[in-house]
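Data first, discussion second: the structure below is written as structure tokens.
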Amino acid sequence: MAENQTYYVPEQSKWPIVATVGLGVTLYGAAAIMVNGQQGESTTGSWVMFLIGSLIMAYMLFGWFGTVIKESRSGLYSPQMDRSFRWGMSWFIFSEVMFFAAFFGALFYTRMFAVPWLGGEGDRGSSNILWEGFQATWPLINNPDPDAYPAPEGIIGPWGLPLINTILLVTSSFTVTVAHHALKEDNRKKVKLWLSATIALALIFVFVQGYEYAHAYQDLNLTLQSGIYGSTFFMLTGFHGAHVILGTLMLTIMLIRIHKGHFTGDYHFGFEASAWYWHFVDVVWLGLFVFVYVL
Amino acid sequence: MSAVADTHAQDDHHHGPAKGFSRWLLTTNHKDIGSMYLIFSFAMFLLGGTMAMVIRAELFQPGLQIVEPEFFNQMTTMHGLIMVFGAVMPAFVGLANWMIPLMVGAPDMALPRMNNWSFWLLPCAFLILVSTLFMEGGAPNFGWTFYAPLSTTYGPPSTTFFIFAVHIMGVSSIMGAINVIATILNMRAPGMTLMKMPLFVWTWLITAFLLIAVMPVLAGVVTMMLMDINFGTSFFDASGGGDPVLFQHVFWFFGHPEVYIMILPAFGAVSHIIPAFSRKPLFGYASMVYAVGAIALLSFVVWAHHMFTVGIPIAGQLFFMYATMLIAVPTGVKVFNWVATMFRGALTFEAPMLFAVAFVILFTIGGFSGLMLAIAPADFQYHDTYFVVAHFHYVLVPGAIFGIFASAYFWLPKWTGHMYDETLGKTHFWLSFIGMNLAFFPMHFLGLAGMPRRIPDYALQFADFNMVSSIGAFMFGASQILFLVIVVKCVKGGEKASAQPWDGAEGLEWTVPSPAPYHTFATPPEVK
């Protein structure tokens, strides 16, 4: 860490404007893909735009984080700067928690109110007039209008692949913690081993989840279009999976940095931030396992 | 890296801003970024205001004279979106960027590069949003609250672009809020405990918390919309087991804290301005802090007061009614404290004080109509009428907007080094005050008499008040050109401002010269 006690304020930087162009082009391209697709028009140009935007984003992430890493390793960051990063990462993770809270909230409202009311329960139960014969169950395998939303033929039971996924992720939280302790003791070999184990577990999780999705789509006819059960199932597990992939990427970069000799026993916030993110991803999975699969 | 590179990087700090256009694209300086936010927000204010002029021109007389109904709906929608997300929120972020580091004695915001990214994402998002006006099918036309299924099943193709623009704005806000919290919690000068922080800093700390908590929920709801539109999900479609009311719940869980996000910084600014022009300390500092905290906490549990008529169970209506009425208590504490601050003060009424006093009175009127709306059975009459439009324009225009004007006049000398033209400032105030009241007070009566919202044409009995309202709106709109003239004139020149041009003002920001040097507080000051 730095001897330097003044707070480092970076000089001009191109990364913010690069990131803006990157994000703007990527998302405009994504929108164009969807809209052109819906209207039956060619999406080639839009895909090109999306890919160019994504490349700009990748370039920006490498460059911006690379600059920060360089500045950190040149001792420009005071303990106060370190605290800014800790606050920043903590509050970012909180915002991610709130993002998932919105989807869990939707699931809660649907199961506790919307579906029972559609089935005739309670004061609001008169809405059963719209779809006669609709039975309110969960998982909802008979939608009110099966022509518009063909129901799935089965559901994903919690005690098969999802249980394996739970074991994988919880174990990986342990392994990343062991890796962290090893890093604090400057035992590089141990860090590499346990961090690699974490990444391996994460990759197996992603593979298992992908296999589960394929099984859902092909064998169970459980898709995004299968009504509210499919919608909530795939949104929650899908966004979770995306965050797992992000987390795995972060951990992999930390592993690369360890191999390059970065970090010391008492100065390794990049690693800690990635580990915090990984624990967050694990906790969200536990919530998913309980509320999407089990209950 | 070598020690030579280190000291060189430090030296560069004190060379002042770079030259040319790229200065603005590449800056990391909170003053530069604050100025960009303020200029952007004013441009958006004029754009959203132009849309309001189109609305009021059509509503000037009964009949459909000026625009097609479909385009009218695009105007009402875009007016709302641009004012909320493009004018009010960025203005407050601009004030935060300029003033928080100065007020806490910090050299800059905690994460200066991310700060610039937060800004530049806004022009990007609004480019996308405004471009929807020129897309096939037109811009979003379903109201700024974009309820499903009007926005999903029946929305124009541009809705998907609107959704991504909202995502970009959300990223900007969340990162900005993280920066504000890190700055306030981590970079205060030694000796500045939390209960010694200026009120503007307190209100922004709490606003930032609200932003981080609810912008992701907005992201969630627009993502569910995106999925329903493009990927065949049924979040908001009952035939698939979903529910349109789910949209309203998730949206307003964001939407209610959002309106507090749009007012709390104004509360903070007014808490600086009134003591300065009363030459008396703020009455009841601690209770002002607790009141803002209470308002913020309560803001999370009142969202369904926007949904009284949609069919929620009676138990829900009662809970949300009581919780909403409860928010009036801490808000009342603040209003009483502002008045108590003025009591027996040595009062002068320069432009900042005029706007601040008008804020207190007219925001309170807006609060009263809010209390009326909070009463669930009564709301069955008021909901979706012009009474609601009157309420929120009273809390947003003489609330948020006057708060921003007051702040601008108060801090322009610090930003530019010149005093603005006081006569022109007072003129701007009176024209805005009269225009605004003419525009929005009649809307209370229109609503009570039964005129619905979001309509391009109306029954003949509503004609007179609509005409008065339109005239007031045109007057208000024209007065904002005067504000532009005042600001440009002040930036270019004027009477030199001292470090502390307002003799009653307190705070670290008044200890630095006017205009504030490019870099301030490289070493933090001692706070007693």
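Note: Cβ is positioned from N, Cα and C throughout, glycine not excepted.
If you look up TrEMBL, you'll see A:3-295 marked as domain 'Heme-copper oxidase subunit III family profile'.
Per TrEMBL, transmembrane segment is recorded for A:15-35 (among others).
Here TrEMBL flags A:47-69 (among others) as transmembrane segment. Within its own chain, the transmembrane segment (A:47-69) has Cβ neighbours under 8 Å at 10, 13, 15, 18-19, 21-30, 32-33, 257, 262, 270, counting only residues six or more beyond its boundaries.
As annotated by TrEMBL, transmembrane segment applies to A:90-109 (among others). Counting same-chain residues at least six beyond the ends of the transmembrane segment (A:90-109), those with a Cβ under 8 angstroms from any Cβ of the stretch are 232, 235-236, 239-240, 243, 276-277, 280, 284, 287, 291-292.
Within the chain carrying the transmembrane segment (A:159-179), a Cβ under 8 angstroms from the stretch's Cβ atoms is held by residues 190-191, 193-195, 197-198, 201-202, 204-205, 208-209, 211-212, 215, 244, 251, 275, 278-279, 281-282, 285-286, 289, 293, all 6 or more beyond its ends. Taken from TrEMBL, the feature transmembrane segment applies to A:159-179 (among others).
Sequence annotations record features per position, and here TrEMBL assigns transmembrane segment to A:191-211 (among others). Cβ atoms under 8 Å from those of the transmembrane segment (A:191-211) belong to residues 161, 164-165, 168-169, 171-172, 175-176, 178-179, 182-183, 237, 241, 244-245, 247-248, 251-252, 254-255, 258-259, 278 of the same chain, restricted to positions at least 6 beyond its ends.
The feature transmembrane segment is assigned by TrEMBL to A:231-256 (among others).
Nonlocal intrachain contacts for the transmembrane segment (A:276-294), taken as residues 6+ away from its ends with a CB within less than 8 angstroms of a stretch CB, comprise 89-90, 93, 96-97, 100, 104, 107-108, 156-158, 162, 165-166, 169-170, 172-173, 176, 198, 202, 232-233, 236-237, 240, 243-244, 246-247, 250-251. What TrEMBL records for A:276-294 (among others) is transmembrane segment.
Each residue in the domain 'Heme-copper oxidase subunit III family profile' (A:3-295) has a pLDDT score, and their mean in this model is 93.
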